[in-house]
Structure formats: C-alpha cells, structure tokens
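In TrEMBL this protein carries:
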- A:Ser543: active site, phosphoserine intermediate (ACT_SITE)
- A:Gly469, A:Leu470, A:Pro471, A:Ala472, A:Ser473, A:Gly474, A:Lys475, A:Ser476: ATP binding site (BINDING)
- A:19-229: domain 'Tr-type G' (DOMAIN)
Amino acid sequence: MSTTIAPQRSGPAPESRRRQILRLATAGSVDDGKSTLIGRLLHDTGSLPTDHLDAVTDDEGVADLAALSDGLRAEREQGITIDVAYRFFSTASRNYVLADTPGHERYTRNTFTGASNAHVAVLLVDARNGLQVQTRRHARIATVLGVPHVIAAVNKIDLVDYSAERFAEIEADLAELATQVGIDHILAIPVAAKDGDNVVDRSVNTPWYTGPTLLEYLEGVELVAPSPTTDELRFPIQWVSRPTDLHRRRYYGRLAAGRLHVGDSVTILPSGNSSVVTAVDTLDDDREFAVAPLSISIELADDIDVGRGDVIVSAAETAHAPVLARELDATVCWLSDTPLHAGDRVALKHGAATVRATVQSLERRLDPETLIEQVGPSSLGLNDIGVITLRTSSVVVADTYLENRDTGAFILIDESSNDTVGAGTITQAREVVPGKATRNDIKWHPSSLIRSERWQKTGQRGATVWLTGLPASGKSTVAVALERELVSRGRVAYLIDGDNIRHGISDDLGFSPGDRAENIRRVGHLARLFGDAGVVSIASMVSPLRSDREIARQLHHAADLEFIEVHVSTPVTECERRDPKGLYERARRGELKGLTGVDAPYEKPENPDLRFDTTGEDIEELAGRVLAVLVERGVLDG
Amino acid sequence: MSAEPVVDDLTDDLTDDQRVDDQPAEDVDHVAALRVLESESVHIIREVVAELERPVLLFSGGKDSIVLLRLAEKAFRPHPLPFPILHVDTGHNFDEVIEFRDRRVAPTPDNPGGIRLIVASVQESIDSGRVAESTDPSGSRNRLQTRTLLDALEAGGFDAAFGGARRDEDRARAKERVFSFRDEFGQWDPRSQRPEPWSIYNGRIRRGESVRVFPLSNWTETDIWRYIEIENLDLPPIYYASEREVFDRDGILLAVSPHSRPRDGEQVSTEWVRYRTVGDLTITGAVRSRATTIPEIIAEISDATVSERGETRADDRTSSAAMEDRKREGYF
C-alpha cells in the first residue's frame, strides 16, 4: 500500500475541471428522422470525418445523413434502423455518446437497450404527423428506465412551413403525454434535421421560437450526481482470485454506489459476515479509497466465504441496507417472441448474481396505444411493458431502481435458449420468510385455538413426510404403506400425491418447469396447513429441483413443523423397467418432453433425512424405517 | 443514480497525486473521463472471466490491443493475466510490430511468468490448403485472417475472444454489442443480437458457440491516445513520425517492403510519415506527419478531417459493407 492521499480540495470544482460523459438516446417512429438528426448533430459540430461524409454523399453532392448511422446493409436497403448505433462526439465542455435507436416496433427491445443508460432521451416527432404510438411507447420506456431528461425534437418543421401554430399543437399534445407518463415537462424544440434548423445553429426560419437549440440544451442540461457516501456502499463481487504464495485472496468488482476506504468495516450479503477492508486497488494506483463507479479490487482482514454475486455493504449502523429479497415487484419490458405467462420459470441476472425465478403473477400490462394499463393480463407479448411479481429460488441483494440503477435492474434469460428475453427494474423488493404473510394487504386470520392446545386435545401431532425421487421409483407405493400403517395406529394421516393434486387444486397447471414448480409450492403450503391441524401428510412428489424442496422445507421450519425428506433413490434403469404409466417409453420415443431422469434433470437431495432404493426391498420394512424417524422426532410415540 | 458517472468526485479522487502545478486544467479533466471508460472496460473483462470457461485476448500489436492488454492486466492485478493472448499473423507484418509483440510478452519483474502468446499463422493456413491466397495483385490477406482466426479459436477451445474494436471505427462496428454472440461457425447475425441494457451482460452460450467481447466499444481514437499518454504505454515505433520509403497507390501511402512493392508508374519517395493504425503492410497506409510525441499526435488527430480507417485502410474501401461482411463471416 503506497500512496498517501493528498488533502481534499475544498470548495466547488472550477468549471474547467469537470468533464462529463453525456449519454443521449433518440426514440420515435420510423421515418421521424432520428438517424438524420444524429448525422446532423455530428456534421454541424464538425465531428464528421470527410470520408464518412463522402461515403453517404451521392454524385450530385447531396448527403444522406441518415445513412451515417444505418451501418447495416439491411438497414440501408430497407431505410430503417434495426439496431442501436453508437456515435461519439465532443465539445469543449462534454463528451457525448449517442445511441441512435430503432423506431420500428419490432426492434423496441433495441430502443430499450439504447435508452437504459441514457441521461437524455430525445423523442422525435414528425411535425406533419404529430404523436404516434411509438412516441408514446418510447416516452413510457424512458420513464420506466428513469431517464432523467426527456425532450422532444419536433422534426421536419420545414414541411409544415415553419408553422408556429402546428408546433403549439404538438407542444400541447406533448404536455398531455407528459402528464400521462408522469414526467414534469417535455421540452419541445422545432427542428429540421435535414437542413440543420435549431440542431446546432439557431434557425432564421423559426423567429417565434425562443428556446434553446438541441445542442444548447445538451450543453446546458444539469447532470445531477449525488455525492457517494460510505453509508450507501454497494460493492457487488464479480470475481474472486485464488490465493497464491505471493498474493492473498482478492475480491474484484465495480462499485455500484458509495465509497470504500481501507479500514472500513463491511458486511458481506447475503451471509451477513463482517470483516475489515485491508487494501483497495483502484487500477490507476494502490490507493486507500475508491468511489463509484470505479472498478476496484480489495482484500479483507478475515478469510471468510465470499463469492461471485455477493454484495459488500457498509457495516456502519447508519448504513442504508439493501433488501435480502425472495420476491420482487418489477416493471419489465418483454423482449421475446414467446409470450410470458404466470408460472414461467426464468433465470434472473442481477449484478453479478444469477438466480432462478418463477413468475408469480402478471399484475398489469401497458397498452402502448392508449397508455391504459390492463389489470391481470394473461400474458405479456413481445415489446409489452408490464408489471409482474417474481419469486426467486435464492436470495437477491436488491435495491429499488429508483434508489440505484445498478442494483435495481436485471435481465431475464431463457434457460433453454440462453436468449435475453426480458429486462426489468425493481419497484419493490420483499424479504419473504416462508410461512409468514408477506403481503401487507392480506393478514393471517388467527384461529382461537393455539396449536399446542389443538394437538393436545386431539392427541395428534402434525408433520410432513416428503418423498422425492424419479418417476416409478416407488414413492407412492411406500407412501400408501406408510399411510395405512399410521392410520392403523390411530393417527390422522393423508397421502398428497403429485398426480392427485392435479385433479383439483392444481388443475390449472401444465407441465412446464414453471407450472411444476408452482404445483410443488402449492403442495408445500397444503402440507403445512395439514401439519398445523395435526395431520401427518405424506407428499409423494418427483420434485426434481433442490430449490423447490428447499422452499417446502423452509415453510415447515418457519411454522415449527417437522419436515422429513425421504429420497427414494431407485436407479433410473429399474424405474424404467417398471414404468407402470409408460412414461419412460413415451419419452424414449420422443413423444414426451421434459421427463425427469430422461431429458430433464433430477437434483438429488444432499442430506435427506432418509434415503433408500426400493429395488428388491420389502415395502413394509421401508415404511417402517420412515415410522422410526417419526418416532425419533417425537411425532409418534414409540 | 450510480449509472451516472460521478465525474466531479473522480476528478478529486483520481487526480490528486497526478496533479502537478503546471498541468493544464483541461488535462486533469480528461483523466476523469478516461477513468470512467477504464472502469467500464475492466468490468466487462472481469465479467467474461467469471462467466466463460476459456477466454483469449486477440492481440495485433496495434494501439487498441495494447490498451486492451493493459486493461486486462489491470483487471486482475496483482495476479497475472488469467488467459493467453492470440496473434493472428498474416505474414505481412511490420518488423517493428513483431519485435514489439515479443518484447511485450517477455517476463518482467512484476510478471516473472511473462504472458502466454499463441501465434496463429495465415501462411500456415495457406500452406495447409485451408485457404487459398488471392491471385488478384491488389488482394490482401485480410479476408484470409478470418479462417485462421476461427481455426485457432477452435483449436484452443476458446469460448470467448476479446477484441480491441471500437464503435467509432466504422458504421458496422457502431452496431456491435459489447458481448457479441457468435454461432458455432463464428458468424455474426446483426438482426438477432442480444439486448444489452445497462451493463448487464448475458454470457450464456452452448457448447461450440462463442462470444466476441469488445471492452473498448465506447472509446474513441482520441481516448486511446490520451490513455496511452497517462499510462505511459510503450508502442511500436511506427506510430511515431520518421523518414520512411513510401509510394502512393490510389491515395494510400504504402511502405516499401518485401510484401508491398511499387508497381509500374508508382513513384517511391522518402517522406516524414507515421502510422495511425497497424495492420497488414500491404493495406495499411501511412500518414504524412511530423508528430514524434503523443501530445503532437493528439493535436494532429484532433485536427484530422479524415477518419482513421478512411485514411489508412485500403480494404475497407472495396465495398460500403466490407466490414459488415467480414464480421458476418467470423472476423472480429
């Protein structure tokens, strides 16, 4: 650790020392002139190399500025922008990154990408046509993305004879749109991008317009950046080095918020372990402190378990903590041709962490035409913006998007195609303690009986035996024998069979991974209620994924109920030989997709309470082994 | 909130010990913006190493790949670079560049192991019949590189390749994602690029597929030079002006070499020139210049009215979609 820190400069920075990168995104319908406007901005600021200009100038010397950023052959052939083009220019005071985004509805996902980091969104409006569906949709996207400044370039003002009246009409429509999407004000600038009116230079054709030109606006717009404080520290871990003889273990990542000093006490989430920072490297030199958004690496005083996806925050009592969330309310832009339904399962990438998530519910869908929100839609289609609730398979260290754009945003990935199918912003993150009511609009209605009284008076103690294993492994056979034995001993016991449950409670579910997870979730809750009532439930469920079984287990533990996980570990060859329902045969013939053990994974329990293989075993004896565990746990008397 | 670079703060924090009394305010200014770019690039490089199995860095010995290599080293220090670098050698190189390359990967006190260098040779691809050299005298080996590159990526089992491409170079490059997904044939499909909002990158691929990663996407030519200046990076000498033997072919000043000789009617002259970009000798043009220091070079490119590729790359002139076509085939 080397350099000493020079004393902090006091007082405000002199103007000349600031150099900000302003990110600008254009949006609007096809043919509104977005690409031309970008070309004009580059041209009139002298940022356009002559060879680039020559490349788009025809034999008569007429330059097609739109072609500058429509860099793909197909774009030039069709005269539309398909994908975001990034262009750059600098003025004396600022560096600009321009994202020229597509207007075509089919490529809205690219508009979303282009606008996600923007400080300023410029909505292009054709003066002749006024506001279009895409203008509204893009204004909405800009607000979902929290773009700090939204303005409108009312283009082709020359084609309405520089009419002040026409401009005023559009200004009024924009004011109404601003109210609808919840922005204070949308500044409108009359421009003719083709000729350059009011883009960089003030136009003599619009004497009635007294506001700034586009460039004047961009040069002057205030980029507010809150001063990062230690209390807001968010350091998501991207990569951890292995210690070597020469070097200790190091944690690498980019500060998403706040500042970090050598000597700071920090907490690692979600584990909650604490340590002290012993070294900070900010890349340009070993230093003793760093601020967001720098990429850094650090060392900690203690050798504790920290991995990719963990987030380091301040351990100070005054620190603002993120939520260790299992449930997220989010606004998403759906980017895939395949619609999103409730119950679907996706991978959610948030910071450096990727977790599985199930779509709990679709709350609303925005109609881009009317901006009216439809409540309880059955699905979200390509380019739809919707409000959804996601339940994650493990903890997400979350902030809301309003609080932090990095720790409040995520993408959704389809696990079979690996495509990015959605992008979202967190509006509310909830810590879900399984078994506790987490919705503040619904309260648990207490019974007048407490559990101990109920169990004592009825002589029944509830518990759940959860049998998991491949199809045809013998789960249900054991379950039936166990149920019979318990009832013969005078206990209330009930078999909850994975198939039976689909005749009623889950008759709305199919066999997609999301639906299967939902089915298991419902059985978990059902068994918990039965257990509370004093029933020993015997759930016989393939339940292939650890995360789903873990949710069921946690539900029981949170309710202080015994949960006995039994892994029926019969080998797949034996299961396939039995195959009473012909499932394996159909799967092998390719008629059945996603059969656990054939073309879908089965995650074995790591530490089940009991594990046995039913091959050649006496079923009564196996049921007896489960009974023995129930006795051991005090559910049954010996 | 945090996506907004806190430049004021960076200026404070990053420049205190770099600030010297006579340093113009404007320079301090640029440092902060460069540190933001640096931070973004390092974040991208680390993300690849965390998510993919076998990355490799494509290194040409040019200024962009020199900056890229420096960023990659910084991303993992004090640990050594966790992946090798790959040079696609066309056989038509500037000697100065090959010397520089070998010097750059050699062991140093900080990195006694040196950098692992893989050389993929276009000449070998030609000799083994994988590709056929164009018989057109104006044809270059640029297109041939693609096959050699794809073969080398496959042979090494690499599922991610870092490239030094910048979006300001070419309008097809301006369309690239940071994580550029390639199918099992290394092909780019510009119509189905993965959406890349914020700085969340999707690195998931299937076996055989790969990603090309462009950590310098948001850098401009000027940013590269300013970074070389503040980091005091070593460069091949051809970037600095000196007297060289050149001849003019269709407005491009080519060096006299065993691979590029003047044809009838092409006059050889000795001129003060330097190179703005490093590529094949046969297609990379020199620019007339007296700039022998980095500040002089920065002043020169700030005044230049012609782009880097326009001024120096003969191959991009052949078709308005030359770069797009090569990218679709698997070029980076």
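In case you wondered, yes, glycine gets a Cβ from its N, Cα and C as well.
Since we're looking at a predicted model, the values are computed, not measured.
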Model confidence over the domain 'Tr-type G' (A:19-229), averaged pLDDT: 85
Additional residues surrounding ATP, by Cβ distance to the A:Gly469, A:Leu470, A:Pro471, A:Ala472, A:Ser473, A:Gly474, A:Lys475, A:Ser476 centre under 8 Å: A:Val542, A:Val568, A:Thr570, A:Cys575, A:Thr614
Least buried by Cβ count (within 10 Å) of the binding-site residues A:Gly469, A:Pro471: A:Pro471
Cα distance (Å, whole number) from the residue listed as 'active site, phosphoserine intermediate' to A:Lys475 (ATP binding site): 11
Under 8 Å by Cβ from A:Leu470 (ATP binding site), counting only residues of that chain that are 6 or more apart: A:Val542, A:Val568, A:Thr570, A:Val572, A:Cys575, A:Thr596, A:Gly597, A:Tyr602
Listed in sequence order, residues with CB under 8 A of A:Ser543 (active site, phosphoserine intermediate) and six or more positions away: A:Trp466, A:Thr468, A:Gly498, A:Ile520, A:Arg549, A:Ala552
In the chain carrying A:Ala472 (ATP binding site), residues 6 or more apart in sequence that have Cβ under 8 angstroms from it: A:Thr570, A:Cys575, A:Glu576, A:Arg578, A:Asp579, A:Pro580, A:Lys581, A:Leu583, A:Tyr584
Residue, out of the binding-site residues A:Ser473, A:Ser476, whose Cβ gathers the largest set of other Cβ atoms within 10 Å: A:Ser473
Other CB atoms, at most 10 A from the CB of A:Lys475 (ATP binding site): 27
Cβ-Cβ distance under 8 Å to A:Gly474 (ATP binding site), same chain, at least six residues away: A:Val568, A:Thr570, A:Arg578, A:Thr614, A:Ile619
